[in-house]
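Copied from TrEMBL, the annotated features are:
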{"type": "TRANSMEM", "residues": "27-45", "note": "transmembrane segment"}
{"type": "TRANSMEM", "residues": "57-77", "note": "transmembrane segment"}
{"type": "TRANSMEM", "residues": "89-108", "note": "transmembrane segment"}
{"type": "TRANSMEM", "residues": "114-134", "note": "transmembrane segment"}
{"type": "TRANSMEM", "residues": "146-165", "note": "transmembrane segment"}
Amino acid sequence: MATLASGAPDTPPAPGRTSLEPDRFERVLAIGALVLLGFVIAALIRGRAEWPQVPPIVWAHLATIGLALGLTPVMLLRRRGDARHRLLGWIWVSAMMLTAVSSFFVRLTNPGSFSFIHILSVWTVIQVPIIVWSARHHQVVRHRRAVRGMVLGALLIAGFFTFPFDRLLGHWLFG
């Protein structure tokens, strides 16, 4: 069976080594990020008549999450550990951190209050330094686990909850 990243046959890593190739779960996460990005783009297109009423902080939040969603499949499916992976990783964690921090100022649904999604923002603010630290210390298993958790929780689960419950993107997408 060939891998998506290199086309090389799947072979087990050497004893004591962790494979850097994307596994099935990471491929599913990459597809999920692309699907979610597609929904975000569709919502933005459908909601263009209301763009002038959208506060700048919401645009900043959407820009950073769009960047993170677009980079996620690249990060999960391409070669890992090289200079480009590190550069894209810094951009990705920066986008994730800016998305999380900006979310604390986006309170259109519950003016003056936080929502369930903000719990995932707090988790992101905690996880980003762990992701960076584990990568810098070559703790591949810990780094990979933290990134996968962040993609699943802070991107895909949080992203799902931006569409129901009369939130902006859901309002634009579903009318």
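The backbone N, Cα and C atoms fix where each Cβ goes, glycine too.
Under 8 Å from some Cβ of the transmembrane segment (114-134) lie the Cβ atoms of residues 93, 96-97, 99-101, 103-104, 107, 140, 142-143, 146-147, 149-150, 153-154, 157-158, 161-162, all in the same chain and six or more residues away from its ends. Cβ atoms under 8 Å from those of the transmembrane segment (27-45) belong to residues 4, 62, 65-66, 69-70, 72-73, 76-77, 148, 151-152, 155-156, 159-160, 163, 169-170, 172-173 of the same chain, restricted to positions at least 6 beyond its ends. For the transmembrane segment (89-108), the list of distant contacts is 55, 57-58, 60-61, 64-65, 67-68, 71-72, 75, 114-115, 117-118, 120-122, 124-125, 128, 131-132, 135, 150, 154-155, 167-168: same-chain residues at least six beyond its ends, Cβ to Cβ under 8 Å.
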